[in-house]
Amino acid sequence: MKKYFWHNGTHSYTKLLLCLLIGAIGMFIPIPAFSEMQHILFSWDIFCFIYLSLYWISFYKTPTSQIKKEAKKEDNSRTILFTLVMIIVFVSLLGVFMLIISTNVPHQSKYIPISLTLFTLLLSWNMLHTVYTVRYAHLYYDNEQNLPDCGLQFPGDEKQPDFLDFAYYSFVLGMTFQVSDISITSKKIRRLTLWHSLISFGYNMVIIAITINIIAGLGG
């Protein structure tokens with residue numbers, strides 16, 4: 001049986017507060033080569049890394065018998081979800097803005113903003129879909145309407161999907177904007193999926209596309 005780690009029993013708000021406190025430390029780490037904007041991105045990267053580490057260890061280590069209890073406890077409300085998503089988009093745009101500024105600096109000084117921006121976008125993209133993974137799992141197991149499929153119908157008559165099943169749904173949706181083998185059976189999850197798809201499309205087509213274009217220009 002998989003070991004049930006201490007953070008599996010920790011409320012989502014406690015995890016979020018822990019990540020915020022550790023991420024804030026990044027602002028006080030003296031790095032002479034960093035500007036104030038780069039320090040903000042660095043602090044955000046620490047926050048994302050801790051957040052992703054806590055949740056993905058939980059995804060892998062939560063035993064089947066505890067999945068429903070853990071998913072219901074991860075009460076990422078719509079307000080928290082909206083706030084996190086808006087911060088993710090804002091920080092990603094901040095990274096793109098930093099790249100635009102770096103076009104006017106000497107060539108040898110461009111490696112720091114490029115590396116930091118790429119790392120920020122990678123972590124932010126993963127966090128975006130991890131946040132939705134947790135929300136999908138919570139809505140599925142917090143089935144107040146007693147729907148027969150709890151809002152999502154997984155292939156193979158899967159009645160107790162684990163966090164990796166929800167991660168599959170979230171990340172594939174974030175990359176291709178569709179998941180062909182999972183059916184939606186509730187209005188609440190259908191609306192969440194719509195917003196998730198729209199945000200993912202905007203993130204992929206605007207933020208990532210602009211970043212690639214700027215980096216290509218810097219290389220030239």
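The backbone N, Cα and C atoms fix where each Cβ goes, glycine too.
Pulled from TrEMBL:
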type	residues	note
TRANSMEM	12-34	transmembrane segment
TRANSMEM	40-59	transmembrane segment
TRANSMEM	80-105	transmembrane segment
TRANSMEM	111-128	transmembrane segment
TRANSMEM	194-216	transmembrane segment
Please work out which recorded stretch in 12-34, 80-105, 111-128 has the most C-beta pairs separated by under 8 angstroms from the transmembrane segment (40-59)?
-> 12-34
Spatial neighbours of the transmembrane segment (80-105) far in sequence, C-beta under 8 Å, 6+ residues away | 12-13, 16, 37-38, 40-41, 44, 113-114, 116-117, 120-121, 124, 127-128, 131-132, 135, 199, 202-203, 207, 210-211, 214-215, 217-218
